[in-house]
Amino acid sequence: MSQLSSETSLISPSHTPTKDVPLRLGVMASGSGSNFEAIAQAIERGELNACIQVLIYNNPGAKAAARADRLGIPAVLLNHREFASRDALDAAIVQTFQNYAVDWVVMAGWMRLVTPVLIDAFPHRILNIHPSLLPAFKGVHAVEQALAAGVKIAGCTVHYVVPEMDSGEIIIQAAVPVLPDDTAETLQARIQVQEHLIYPRAIALAAAQALQG
Ligand code: GAR
């Protein structure tokens, strides 16, 4: 049952306007950083009232760092291989974000588990994007998992980060069809179009919810 065209998406809920004070975002990325750049572009277009204070990346040579350079956004490498534990890495992340006066943390393709050291420093203010319709297909290779399961609808989810992987409260999801000849690459590309749309909206929505208490 694949009745949606490849251009069709289902996004919920609808856009919520941001308030007057710009959000101070800290972004975490491990690889390409296309979501990072999509958020920066949404800010540039005036669709999200925010400023990206700093990008943290963990892999030397990550394309996200080159994007930050081009966008004029500070980028800090915290190479997880140089830390004795997850807690030690997360303590350095917290310190960096505090140095840059970050008040919202945006995980955009951060491929490391995070600990309460980070989560407790930004209570209910850390978001993550995952390339599946959670709670389906948690963890790594979510797109491959979806293809292997034979689902006809796939998608992406922005959610709050809690200690249990990919399990926090859902903020926004978008759905895309799985087409008969899809590979992981073609399905991932279709999902990413939606990721770039929903992540800025999810940030605005989470901030609006925080203001409402
Ligand atoms: C995105 O598709 C995101 O959903 C996924 O990594 C990709 C990063 O792309 N995240 C996860 O799988 C987290 N478990 P990007 O670097 O181009 O933004």
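The backbone N, Cα and C atoms fix where each Cβ goes, glycine too.
Residues annotated as active site, proton donor in TrEMBL: HIS130. In sequence order, LYS138, ALA142, CYS156, THR157, HIS159, ASP166 constitute the residues six or more apart from HIS130 (active site, proton donor) in its chain with CB-CB distances below 8 Å.
As annotated by TrEMBL, N(1)-(5-phospho-beta-D-ribosyl)glycinamide binding site applies to GLY33, SER34, ASN35. Cβ neighbour count for SER34 (N(1)-(5-phospho-beta-D-ribosyl)glycinamide binding site) (all protein chains, 10 Å cutoff from its Cβ): 17.
In three-state terms derived from DSSP, ARG112 ((6R)-10-formyltetrahydrofolate binding site) belongs to neither a helical nor a strand segment and is classed as coil. Counting only residues at least six positions away in the same chain, the Cβ atoms of SER30, ASN58, HIS80, ARG86, LEU89 sit under 8 Å from the Cβ of ARG112 ((6R)-10-formyltetrahydrofolate binding site). Look at TrEMBL and you will find ARG86, MET111, ARG112, LEU113, VAL114, ASN128 tagged as (6R)-10-formyltetrahydrofolate binding site.
According to TrEMBL, the domain 'Formyl transferase N-terminal' annotation covers 24-203.
Summarising the annotation, TrEMBL assigns site 'Raises pKa of active site His' to ASP166. A coil conformation is recorded for ASP166 (site 'Raises pKa of active site His') in the three-state DSSP classification, outside any helix or strand.
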Integer Å distance between the CA atoms belonging to MET111 ((6R)-10-formyltetrahydrofolate binding site) and GLY33 (N(1)-(5-phospho-beta-D-ribosyl)glycinamide binding site): 12
For ASN35 (N(1)-(5-phospho-beta-D-ribosyl)glycinamide binding site), the one of MET111, VAL114, ASN128 that lies nearest, given that the binding-site residues are compared by Cα: ASN128
Greatest C-beta neighbour count within 10 angstroms, which of the binding-site residues MET111, LEU113, VAL114: VAL114
Chain-internal residues, separated by at least six, CB under 8 A from ASN128 ((6R)-10-formyltetrahydrofolate binding site): MET107, TRP110, VAL158, HIS159, TYR160, VAL161, ASP166, GLY168
